[in-house]
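Heads up, the thing below is written out as structure tokens.
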Amino acid sequence: MFFSIGFALGINGILIPVLKKITPEGQGYLIVAATFIPFLIFGYPASILIKKIGYKKTMAFSFFLFALAFVLFIPSAKIESFMLFLIASFVSGTANAFLQASVNPYTTILGPIESAAKRISIMGICNKLAWPIPALFLVWIIGKEVDKIAIADLNTPFYILIAVFLFLGILSFFAPLPEVKAQGEEETVDTTQIRDNGKNSVFDFPYLLLGVLALFFYVGVETVALSSLIDFAKSLSIENAEIYAWISPIGMVIGYISGVILIPKYISQSTALKICSLIAIIGSILVCITPTDIFFSFFGLQLNLTVSLIILIAIGCSLMWPAIWPLAMDGLGNFTKTGASLLTMAIAGGAVIPYVFGWLKDSYGMQNAYWICLPCFLFILYYGMAGHKIGKNKL
């Protein structure tokens, strides 16, 4: 299922930039807003829906919403309507919000909390391995290279994508996935007991709130690492800049595989988060201070060292998402679903941090813009060292 999700979202990542050609000049920020605002709006409603119909049916609902979004993308491409494109992007973002709010907590509490990062890493491997396939798939379906796809070529891929999401929705609905609950989570809540324990709301868990902030920073810097590579290479006038697009996915998969092997047998989730934060901090500093005119040979390719060092940021990012989720959700009990909704809302960091990165790039240059990663990773390191413990000793 997660391989299929990666495949479908990978196609989404290729086709949506093609549709951006109908975007009026200076209004590109509206696309980012339409994609990420749903995480803020529907993060909490997603938790309410999960409480009513469960994780499995919420996953199915999200896939059906994705299908609806691409039904709307078809006329937006045909008549080149920017407003309809924004509406379709908003529906797609809403679907993603419900999907993230259900898949991640479900994977976290499906087994022992200590090994949740391992399960999420396996999910990440399946997801990332599927991402390169859509490019080959589209070349086969359309008969053109990805960078030559025009708006007029989108109808067939969109119909296929609608079918894929409908299939995923049906698969999720009928799949023999058990409905699970977090430890201490019951159908009925004894409010007197909750008050006696000093936990009246989800905001009484400091480690959760710090986890939301850590996830906000993580999603932002990971978005920068995944999306800026080609632009960075082009800014240095490097030929064949597209080959650098593989650096971040390779780094992420290396980290995921390490997590599957090491967690929890050899290292804990908090230790993994600390190690990854340190790797990302070192990578960020090296990217910012390494001269940009150094090249090295790798399997016959001449690669720029500064751009290639972003692989350290990618490796560091790999286990942050798998580690932050269980550390932030541990011990929430009856507040598990609401806590997951707050973590889902933190995905809005994917809009804020890249915006700051873009401002720094315009003001101080592309290489110096990567300094934005440093304070973000320092906070994530703090969360791995101490932040995830604050308030837990009172549970």
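The backbone N, Cα and C atoms fix where each Cβ goes, and this holds for glycine too.
In TrEMBL, annotation is done automatically, which means it is predicted and not curated.
Feature annotation from TrEMBL assigns transmembrane segment to 29-46 (among others). Sequence-distant neighbours of the transmembrane segment (29-46) (same chain, 6+ residues past either end, Cβ-Cβ under 8 Å): 20, 23, 58, 85-87, 89-90, 92-94, 96-98, 100-102, 338, 341-342, 344-348, 350-351, 354-355.
Among the features that TrEMBL reports, transmembrane segment is placed at 58-76 (among others).
As annotated by TrEMBL, transmembrane segment applies to 120-143 (among others).
Taken from TrEMBL, the feature transmembrane segment covers 158-177 (among others).
The transmembrane segment annotation in TrEMBL covers 207-231 (among others). Only residues 6 or more beyond the boundaries of the transmembrane segment (207-231), in the same chain, are considered here, and those with a CB under 8 A from a CB of the stretch are 241-242, 244-245, 247-249, 280, 307, 310, 313-314, 317, 320-321, 324-325, 327-330, 332, 339, 342-343, 345-350, 352-354, 357, 366, 370, 372-373, 376-377, 379-380, 383, 387-392.
Sequence-remote contacts of a segment are chain residues at least 6 beyond its ends whose Cβ falls under 8 Å from one of its Cβ atoms, and for the transmembrane segment (243-263) they are 115, 117-118, 121-122, 124-125, 128-129, 131-132, 225-226, 229-230, 232-233, 269, 272, 276, 301, 303-304, 307-308, 310-319, 322. Residues or ranges marked as transmembrane segment in TrEMBL: 243-263 (among others).
Taken from TrEMBL, the feature transmembrane segment covers 275-299 (among others). Panel annotation: around the transmembrane segment (275-299), residues 221, 236, 255, 267, 305-306, 308-313, 315-320, 323, 367-368, 370-371, 373-374, 377-378, 380-381, 384 of the same chain, lying at least six beyond its termini, place a Cβ under 8 Å from a Cβ of the stretch.
Taken from TrEMBL, the feature transmembrane segment applies to 305-328 (among others).
For 340-357 (among others), the entry in TrEMBL reads transmembrane segment. Within the chain carrying the transmembrane segment (340-357), a Cβ under 8 angstroms from the stretch's Cβ atoms is held by residues 29, 32-33, 35-37, 39-40, 43-47, 50, 97, 100-101, 104-105, 202, 208-209, 211-213, 215-224, 227-228, 324-325, 328-329, 369-370, 372, 376, all 6 or more beyond its ends.
Under the heading transmembrane segment, TrEMBL lists 369-386 (among others).
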Contacting positions for the transmembrane segment (305-328) when only residues 6+ beyond its ends and CB under 8 Å are counted: 104-105, 108, 113-114, 116-121, 124, 207-208, 210-212, 214-215, 218-219, 221-222, 225-226, 229, 232-233, 236, 238, 244, 247-256, 258-259, 263, 269-270, 272-273, 275-284, 286-287, 290-292, 294-296, 339, 343, 367, 373, 377, 380, 383-384, 388
Same-chain residues at least 6 beyond the ends of the transmembrane segment (369-386) whose Cβ lies under 8 Å from its Cβ atoms: 210-211, 213-214, 217-218, 220-221, 224-225, 270-271, 273-274, 277-278, 280-281, 284-285, 287-288, 313, 316, 320, 323-324, 327, 353, 356-358, 360-361
